[in-house]
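S.K.: My questions all concern the structure below.
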Amino acid sequence: MKRVTILGATGSIGCQTVELIEAAPERFETVALTGGRNVALLADQARRLGAKIAVTCHDDCRADLEQRLAGSGIEVASGDAAIAEAAARPADLVMSAIVGAAGLLPGFAAIRQGATLALANKETMVAAGPLVLAEARAHGATLLPVDSEHSAVFQALVGEDRGAVERVILTASGGAFRDWPLEQLATATPEQAATHPNWAMGQRITIDSASMFNKALEVIEAKELFDLRSDQVEVVVHPESLIHALVGFNDGALMAHMGAPDMRHAIGYALNWPERRDLPVARLDLAAVGSMSFRAPDEARYPALRLARRVMEEGGLAGAAFNAAKEAALDAFLDRRIGFMQMAQVVEQVLDTMSRAGALRVDSPGLDAVLGADAEARARAARTDLLTA
Ligand code: NAD
Ligand code: MG
């Protein structure tokens, strides 16, 4: 039996993880489930999986959760500290599926107990990649990527000589606006940005896909996870989302990972690793697919990709600042305080001011420095002219 904890169980990744675990009760035992305000769903999941503890990050939701789990014998807790404590409970695998930098500390708690950390939360690697790898080494923890592109790269690297890797190519669908005229993007609304042509995901990552901030985070995530130079990570727009990523080797070979756009593949691969098991995903009929297309990403349309390059060159705390500024800009876009294309302007201004202040150039930053840069970037984002206007 694999003991599993799911951080962010009520979200898009979390629900699909619950579904796969529920389908194999003889192989998985659930330790902890965490969520937010959707306590009805969290309580239901905890009962179905027979979890030991259910935790909501909101203290004002605790009484409701307690009531829903009364008589079940399932422990209830609330608050950020309780989520980190739940992540520290002995488990073989912890699924990190909280959205945003909020996933960072619970992820560290899981690493420190030596669990295998299945990382859907890409923000962890963007904000603190080198630190995460060092902690994992120190505690004997294993990191398994769950982001579809990174799971694809991980799978393409099995049995390969890492030294023979020349480059990694991440595919991008292009998001909701890939075919919109450039000048129209300024008027895009959160509702329009929150629809994805191929993948069903949480609201925030779907909007990040439209702006390619998601791909920008993934480029940095790939560099950190697979120990690459920034010039070894490429992005190609592939509207069909059937190839998830490719690895290029020094003999010219390209290993592509293909499959239906269904996150249950990457989630299931991590849950079952190091084995492969049957998964309920559609099998591709290549003759029916017929053809696939590729094109270079347009930098004017996707300034986030340029910013990702800059973040990788700057290193230090740039990733933590970049992610936090992006989260603040996304909040402002969702509140209709800034336009779609202004998100990148906010992020760039934050990087500019922090860079000028020397706040990003820190060698081997620790967790406190990462959290400090995150807080400073959010504060600086709030003070940018776009957000004070
Ligand atoms: P989601 O919004 O659907 O779910 C987020 C989960 O995190 C929910 O359970 C929510 O209650 C919880 N949560 C939110 N804020 C929290 C906080 N402050 N403290 C504690 N818990 C909190 O998100 P999602 O789409 O499932 O994405 C989760 C992570 O996986 C993100 O990092 C995303 O980038 C990554 N990811 C998602 C997909 C996808 O298909 N959805 C694909 C690849 C990577
Ligand atoms: Mg992805």
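For all residues, glycine too, the Cβ spot is worked out from N, Cα and C.
What you see is a predicted model, and the numbers here were worked out from it, not measured in a lab.
Sharing the record's features from TrEMBL:
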BINDING   Thr10, Gly11, Ser12, Ile13, Gly36, Arg37, Asn38, Asn121, Glu123, Gly202  NADPH binding site
BINDING   Lys122, Ser148, Glu149, Ser173, His196, Ser209, Asn214, Lys215, Glu218  1-deoxy-D-xylulose 5-phosphate binding site
BINDING   Asp147, Glu149, Glu218  Mn(2+) binding site
DOMAIN    4-129  domain '1-deoxy-D-xylulose 5-phosphate reductoisomerase N-terminal'
DOMAIN    143-226  domain '1-deoxy-D-xylulose 5-phosphate reductoisomerase C-terminal'
DOMAIN    258-379  domain 'DXP reductoisomerase C-terminal'
S.K.: Kindly point out which of the binding-site residues Thr10, Lys122, His196, Asn214, Glu218 have a C-beta less than 6 Å from some atom of ligand 1.
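M.R.: Listed by sequence, the hits are Thr10, Lys122.
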S.K.: Using DSSP, how many residues of the domain 'DXP reductoisomerase C-terminal' (258-379) fall into helix, strand and coil, respectively?
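M.R.: Final tally across the stretch: 71 helix, 2 strand, 49 coil.
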S.K.: Take every residue in the domain 'DXP reductoisomerase C-terminal' (258-379), average their pLDDT values, and give the whole-number result.
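M.R.: Reported value for the domain 'DXP reductoisomerase C-terminal' (258-379) is a mean pLDDT of 97.
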S.K.: Take the C-alpha atoms of Gly36 (NADPH binding site) and Glu218 (1-deoxy-D-xylulose 5-phosphate binding site) and report the distance between them in angstrom, rounded.
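M.R.: Cα to Cα, Gly36 (NADPH binding site) and Glu218 (1-deoxy-D-xylulose 5-phosphate binding site) are separated by 25 Å.
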S.K.: Looking at the binding-site residues Ser12, Gly36, Asn38, Glu123, Asp147, His196, which have a C-beta within less than 6 Å of some atom in ligand 2?
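M.R.: Only Asp147 qualify.
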S.K.: Glu149 (1-deoxy-D-xylulose 5-phosphate binding site): which of the binding-site residues Ser12, Asn38, Glu123 is the nearest Cα neighbour?
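M.R.: So, spelling it out, the nearest of the binding-site residues is Glu123.
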S.K.: Tell me which of the binding-site residues Ser12, Asn38 sits in the most Cβ-dense spot, judged by other Cβ atoms within 10 Å.
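M.R.: When each Cβ's neighbours within 10 Å are tallied, Ser12 tops the list.
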S.K.: How far apart, in angstrom, are the most distant Cα atoms among the NADPH-binding residues Thr10, Gly11, Ser12, Ile13, Gly36, Arg37, Asn38, Asn121, Glu123, Gly202?
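M.R.: Those residues reach a largest Cα separation of 22 Å.
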S.K.: Please spell out the DSSP helix, strand and coil residue counts for the domain '1-deoxy-D-xylulose 5-phosphate reductoisomerase C-terminal' (143-226).
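M.R.: Split into helix, strand and coil, the domain '1-deoxy-D-xylulose 5-phosphate reductoisomerase C-terminal' (143-226) gives 44 helix, 11 strand, 29 coil.
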S.K.: Could you check the binding-site residues Lys122, His196 and say which one's CB has the most other CB atoms within 10 Å?
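M.R.: When each Cβ's neighbours within 10 Å are tallied, Lys122 tops the list.
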S.K.: For Asp147 (Mn(2+) binding site) and Lys122 (1-deoxy-D-xylulose 5-phosphate binding site), what Cα-Cα distance in Å is obtained after rounding to a whole number?
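M.R.: About 7 Å separate the Cα atoms of these two residues.
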S.K.: Measuring Cα to Cα, how many Å separate Ser12 (NADPH binding site) from His196 (1-deoxy-D-xylulose 5-phosphate binding site)?
M.R.: 14
S.K.: Starting from the Cβ centroid of Asp147, Glu149, Glu218, the recorded Mn(2+) site, name every other residue in that chain with its Cβ within 8 Å, sequence order please.
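M.R.: Neighbours within 8 Å of the Cβ centroid, excluding Asp147, Glu149, Glu218: Lys122, Pro145, Ser148, His150, Leu170, Asn214, Lys215, Leu217, Glu221, Ala222, Ala245.
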S.K.: What is the total of other Cβ atoms whose distance to the Cβ of Glu149 (1-deoxy-D-xylulose 5-phosphate binding site) is within 10 Å?
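M.R.: Here the count is 27.
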S.K.: Please list, for the domain '1-deoxy-D-xylulose 5-phosphate reductoisomerase N-terminal' (4-129), how many residues fall into helix, strand and coil according to DSSP.
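M.R.: In the domain '1-deoxy-D-xylulose 5-phosphate reductoisomerase N-terminal' (4-129), the DSSP-based counts are 60 helix, 28 strand, 38 coil.
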